[in-house]
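Visitor: A single structure is presented below for examination.
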Amino acid sequence: MQRTSVPPIYNVTICGGTHGNELTGVYIVREMQKQKMEKAGSVSVTTVETNPRAVAAGRRYTEMDLNRCFTDVLLSSPITESTPYEVRRAQELNAQLGPKGSAKAVDLLIDLHNTTSNMGLCFIFYSIDWITLHIYKYIENNLNSVPVRAIQLDIPSSEAYSLESVGKHGFAIEVGPQPCGVLRADIFNVVKEALDLTLQWLQKFSSGHSFEGGTVDAYTFVKSVDYPRDSAGKATAIIHQDLQDNDFKLLRSGDPIFQTFSGDILKYEGEDLYPFFVNECAYYEKKIAFHLAQKKTYSFPHISVKND
């Protein structure tokens with residue numbers, strides 16, 4: 001197995017409240033601040049409540065989805081009187097935690113999210129980097145209470161739109177199902193356990209522990225599927241009961257995916273793919289019924305920390 005050394009992780013930032021009605025991250029960040037957790041071994045820990053206006057309003061966002069505001073174009077756009085609050089906030093966070101793509105950026109950025117879909121615990125990341133894959137594998141091996149999966153968004157860094165793209169390394173932790181504006185103890189505990197395992201891995205890594213290489217499976221985004229609509233753009237069907245709550249179950253041609261309001265069954269046509277974010281509440285406005293992905297296997301090497 002290939003061996004490599006990588007730069008140490010000196011600092012990690014944990015964020016919650018990017019979406020103001022996804023409460024697990026909000027309350028985990030607040031509890032960490034209350035406990036004044038600032039170190040994990042030799043690693044500095046910073047916590048940030050990312051969209052305080054949306055949290056206070058109990059809404060996903062106030063003017064624009066903050067989790068779509070971290071592209072290079074939006075981060076460099078001029079601020080005017082008409083600039084949405086979330087674009088202003090994204091630029092503030094980029095200045096605080098980045099700048100994105102720079103040597104000054106935080107070493108590891110973790111953003112905590114909830115979904116109304118039945119997705120268990122998901123790692124979501126852009127680039128395939130060894131730190132992220134090793135942390136994911138460590139959590140996959142040690143967290144047994146829910147399914148653990150990885151989603152890879154194959155998007156160039158300049159177009160990466162979510163907060164975790166600001167860090168040198170970064171990923172979102174997405175856990176569900178949990179309704180918007182609601183806290184569930186089981187979901188809260190799963191996210192807390194995943195964070196504890198992440199910090200445990202970082203402490204071991206920074207203290208000189210080496211980690212064996214291996215492989216992980218990840219779901220790579222292929223396309224989105226909208227609801228069937230009439231000529232006025234109104235949805236004419238709902239997710240079929242056989243697809244509901246079956247995120248990551250292989251979808252084959254001929255499988256039912258929608259039921260019209262009059263009772264007709266609409267079936268999937270296309271290559272075998274894996275659905276996720278099935279019937280996600282926040283995606284109704286985005287005209288997305290679910291995403292589809294391919295499952296790929298990624299190899300990663302044995303790693304140790306690179307000495308300065």
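Every residue gets a Cβ built from N, Cα and C, even glycine.
In case it's useful when we look at the structure, here is the feature table from TrEMBL:
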- E174: active site, proton donor/acceptor (ACT_SITE)
- H19, E22, H113: Zn(2+) binding site (BINDING)
- 11-196: domain 'Succinylglutamate desuccinylase/Aspartoacylase catalytic' (DOMAIN)
- 215-295: domain 'AstE/AspA barrel-sandwich hybrid' (DOMAIN)
Visitor: How many whole Å apart are the CA atoms of E22 (Zn(2+) binding site) and the residue listed as 'active site, proton donor/acceptor'?
Guide: 10
Visitor: Might you list, by sequence position, any residue in that chain lying six or more from H19 (Zn(2+) binding site) with a Cβ less than 8 Å away from its Cβ?
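Guide: H19 (Zn(2+) binding site) has long-range Cβ partners N51, A54, R60, Y61, D65, L66, N67, H113, N114, A282.
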Visitor: Whose Cβ lies within 8 Å of the mean position of the Cβ atoms of H19, E22, H113, the Zn(2+) site, other than those residues?
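Guide: So the extra residues in range turn out to be G17, T18, N21, G25, R60, N67, L112, N114, T115, E174.
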Visitor: Please compare the recorded positions E22, H113, E174 by how many other CB atoms fall within 10 Å of each one's CB, and tell me which has the fewest.
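Guide: With the recorded positions E22, H113, E174, fewest surrounding Cβ atoms within 10 Å: E174.
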